[in-house]
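One structure is given here, and the rest of the page talks about it.
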């Protein structure tokens, strides 16, 4: 497998003379090629150490792909059709040997990563369709369902360790603090939930926000919690101040359907308009765009183990890869320049505004001509 997340050594020019002139050298791309599925993927996860990407689609099928920047080397390793309905989430275990999946069919599956064999099935894990999944450690996991139910599981035991229903709507996303003590839940009822999974008790619900909370992430070294919403607003909470928001700001997006942290200050959001936005937290700025799904809603985002690639799934049935190198060099300051209203978002990758992989390299010269600069005026809106 091509070490995609490692820099390739420079080739000796003398070796090139020994190559058969009739053989073209394999093309090395900035990112792996798009993966085309037969149905949109609603679950997406990178392997913790290897160049593998798992996807679960709305037909209930689960796939594992080996990806590479060498053209023609990205390929499917195996697929599984054990779920009866849509696969909602996929997560690799910490050691990368297992893949856990959950589904609208209310089941939890544990698969062997090497062969794709089903090792364990919990058929009726919830009384309602399961919508979200989070692994706590190699044995413990948390699931959330469409009616607001949350269950804590130990794979070495039968039945859930904890079963709570404090939310009134579906559990959209979950996050865990570094100590693996507090579970944070984003729900369709507009509330952020806090659960102590060490003591197996409910702590509190935040005040309801406008619209569904669709995603949750810890930022600023755990000092802030960011929640995306169906109204296109990011809500910020102080750690240990979960009752009410400390800040908020609206993106020029119909919704925020998914969200993934890239650094402690930067995150990426996927929206119904198909645009993947890079957002800085405090100061709150929309830095630019790293890519798009050509007007099709973005369903899920995931960051590779090396941090170089962002993967996205959309309703166009494609899995796309985006280069995060340029985004990581962006510096955001507190000074605000006036930005032309309605202007295009800054492109943060060579194919950010391309609708086809064929055009991936056409913007490279333009982007390279721009020296790295401090971004200070890319916000769509002021924070309250």
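Glycine is treated like the rest: Cβ placed from N, Cα and C.
Residues or ranges marked as compositional bias 'Acidic residues' in Swiss-Prot: 9-19 (among others).
Swiss-Prot lists 375-384 (among others) with the feature compositional bias 'Acidic residues'.
Here Swiss-Prot flags 354 (among others) as phosphoserine, drawing on similarity to another entry.
The phosphoserine annotation in Swiss-Prot covers 383 (among others).
Positions annotated as region 'Disordered' by Swiss-Prot: 1-33 (among others).
As annotated by Swiss-Prot, region 'Disordered' applies to 362-384 (among others).
Through the fold, the repeat 'WD 1' (36-75) approaches residues 1-5, 26-30, 81-92, 94-96, 99, 101, 103-105, 109, 111, 113, 116, 299-305, 311-319, 321 of its own chain, all at least 6 residues removed from its boundaries and within a Cβ separation under 8 Å. According to Swiss-Prot, the feature repeat 'WD 1' maps to 36-75.
Per-residue pLDDT, averaged across the repeat 'WD 2' (82-121), gives 98. Positions annotated as repeat 'WD 2' by Swiss-Prot: 82-121.
Long-range Cβ contacts of the repeat 'WD 3' (125-163) within its own chain (Cβ-Cβ under 8 Å, at least 6 residues beyond either end) map to 85, 88-91, 93-95, 100-108, 110, 169-176, 180, 183, 185, 187, 189, 193, 195, 197, 200. Annotation source Swiss-Prot lists repeat 'WD 3' at 125-163.
If you look up Swiss-Prot, you'll see 166-205 marked as repeat 'WD 4'.
Same-chain neighbours of the repeat 'WD 5' (208-247): 169, 172-175, 177-178, 184-192, 194, 253-261, 264-265, 267, 269, 271, 279, 281-282, 284, 383-384, counting only residues six or more beyond its ends whose CB sits under 8 Å from a CB of the stretch. Residues or ranges marked as repeat 'WD 5' by Swiss-Prot: 208-247.
What Swiss-Prot lists as repeat 'WD 6' is 250-289.
Shown for the repeat 'WD 7' (293-332): DSSP residue counts in helix, strand and coil, namely 4 helix, 20 strand, 16 coil. Taken from Swiss-Prot, the feature repeat 'WD 7' applies to 293-332.
Taken residue by residue, the repeat 'WD 1' (36-75) breaks down under DSSP into 0 helix, 20 strand, 20 coil. Residues 131-134, 136-137, 142, 144-150, 152, 211-218, 222, 225, 227-229, 235, 237, 242-243, 259 of the same chain lie 6 or more positions beyond the ends of the repeat 'WD 4' (166-205) yet place their CB under 8 Å from a CB of it. Among residues of the same chain six or more beyond the repeat 'WD 6' (250-289), those with a C-beta under 8 A of the stretch's C-beta atoms are 173, 211, 214-221, 224, 226, 228-234, 236, 295-303, 307, 310, 312, 314, 322, 324, 327-328, 330, 332-334, 345-348, 352-353, 375-376, 378-383.
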